[in-house]
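S.K.: Could you have a look at this structure, given as C-alpha cells, before my questions?
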Amino acid sequence: MDPATNSPIMPIDLPIMHDSDRYDFVKDIGSGNFGVARLMTDRVTKELVAVKYIERGEKIDENVQREIINHRSLRHPNIVRFKEVILTPSHLAIVMEYAAGGELYERICNAGRFSEDEARFFFQQLISGVSYCHAMQICHRDLKLENTLLDGSPAPRLKICDFGYSKSSVLHSQPKSTVGTPAYIAPEILLRQEYDGKLADVWSCGVTLYVMLVGAYPFEDPQEPRDYRKTIQRILSVTYSIPEDLHLSPECRHLISRIFVADPATRITIPEITSDKWFLKNLPGDLMDENRMGSQFQEPEQPMQSLDTIMQIISEATIPTVRNRCLDDFMADNLDLDDDMDDFDSESEIDVDSSGEIVYAL
C-alpha cells in the first residue's frame, strides 16, 4: 500500500480567535474538501484541541449537520470527543479532541504492515468504538484508516473520527445511499440495495483489519490499484487473497472469511465479533466492560453544548458572508474543473471522484 500524497496546506484567511475567545491558535494541521483544521489551545484548561473550519454558506449542508449532531451524542474513549461548534465571521468551527498520534493510516504506511498481535490490539479498539456507535443507533458508513486517529500514548488509544456520512436510525431512515470510499464499501451498498448500516460497517472494519495485517487493500488489483471499476467488481465477487508467505493464525483467517461475505444476512455481526476467539485473545481489561467504557468520559467543568444552540449556529452558518459570495462568483467565472473519472463507464450506477470517494447519494 503506497502512502497517499499529502497536498501542502495552502494558506487561507481564517480568523484567529480574538483575545476574548476560548482558544488560541497553535498551527495548521490539515486540509481537505471540508476546509482546514487547526491545532488550538483551550485558554481555560490549557488542553490542545483540533478545530475544523468549514466555510459558511453552501458547504454547510446536511452532511455537516449530521456529522455534528451524531458526533455530539457519542461519548466513548475510542471516539474523538466532540466539544462545541463556534460561528466565526466567515466559517463554522467544529471543536474536538486533538489526537496527537495522527492517523492509523500513517502508522501502517510507516510500518509496512502490523504483526497479528498489533493489528488485533487496534482492531479490538475499533470494534469497541463501533459497537458503542451501533448501541447508540448510529452507523458510521465511512470507516477507514484515515478516519481512525491515535492519541499520543506509548500504547496508542484508537479514536474514530469524521461522522460526515454517519446515519442515525433514530433520526434518519434506513440507509439507501451510496457513500464512502470504494476500497472499504460493502457489496450490498454498491448494488444500491436498502442495507443495514451496521453490517456495512462490519465489512469496512474487515477491510481495516486486512490492511493492517497485509499492508494492502483486499479488493484492489495490485497491477492497477487506481482502477476503481475493477475494485468494485472484485468487491461484488468477494475476490481477495492473503499472501502465501504471510503467517496468520487459522483463527484470524477464519474471522476475515466471516467478515468478507457478500450476503449481509450471513455476515458476522459486531456482537459476534466481540465473542470471537481471535478477538478475545489478549483483550485489554478496559475493553471487557462495554457499559463502563461509555462512562469513562466525564467533563463536569464543561457542560455539553445544547442541541438548540448547535442548531441555531448551524442555521446561521448556512448564510454565506459577502466575501464568500464574491469568491464563489469569481471561482465560477474563472475555473474549469475537469472530472478525473470521465473515462469511467458512463452507464455505471456508481460515481467516483479522483480521490476514490463515492460522491453522489443514489
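Note: Cβ is positioned from N, Cα and C throughout, glycine not excepted.
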S.K.: Of the candidates K46, K52, which one does Swiss-Prot list alongside I29, G30, S31, G32, N33, F34, G35, V36, A37 as binding ATP?
M.R.: K52
S.K.: Just how many other Cβ atoms lie inside 10 Å of the Cβ on N33 (ATP binding site)?
M.R.: 11
S.K.: Compute the C-alpha separation of G35 (ATP binding site) from D142 (active site, proton acceptor), stating it in Å without decimals.
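M.R.: A Cα-Cα distance of 18 Å.
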S.K.: What three-state secondary structure does DSSP assign to I29 (ATP binding site)?
M.R.: strand
S.K.: For the recorded ATP site formed by I29, G30, S31, G32, N33, F34, G35, V36, A37, K52, name the remaining residues of the chain with Cβ within 8 Å of the site's Cβ center, in chain order.
M.R.: Y53
S.K.: For the binding-site residues I29, A37, which Cβ has the most other Cβ atoms within 10 Å, all shown protein chains included?
M.R.: A37
S.K.: Over all pairs within I29, G30, S31, G32, N33, F34, G35, V36, A37, K52, the annotated ATP binders, what is the largest Cα to Cα distance, rounded to whole Å?
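M.R.: Greatest Cα-Cα span of the listed binding residues: 14 Å.
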S.K.: Write down the Cα-Cα distance for S31 (ATP binding site) and D142 (active site, proton acceptor), rounded and given in Å.
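M.R.: Cα of D142 (active site, proton acceptor) to Cα of S31 (ATP binding site) measures 18 Å after rounding.
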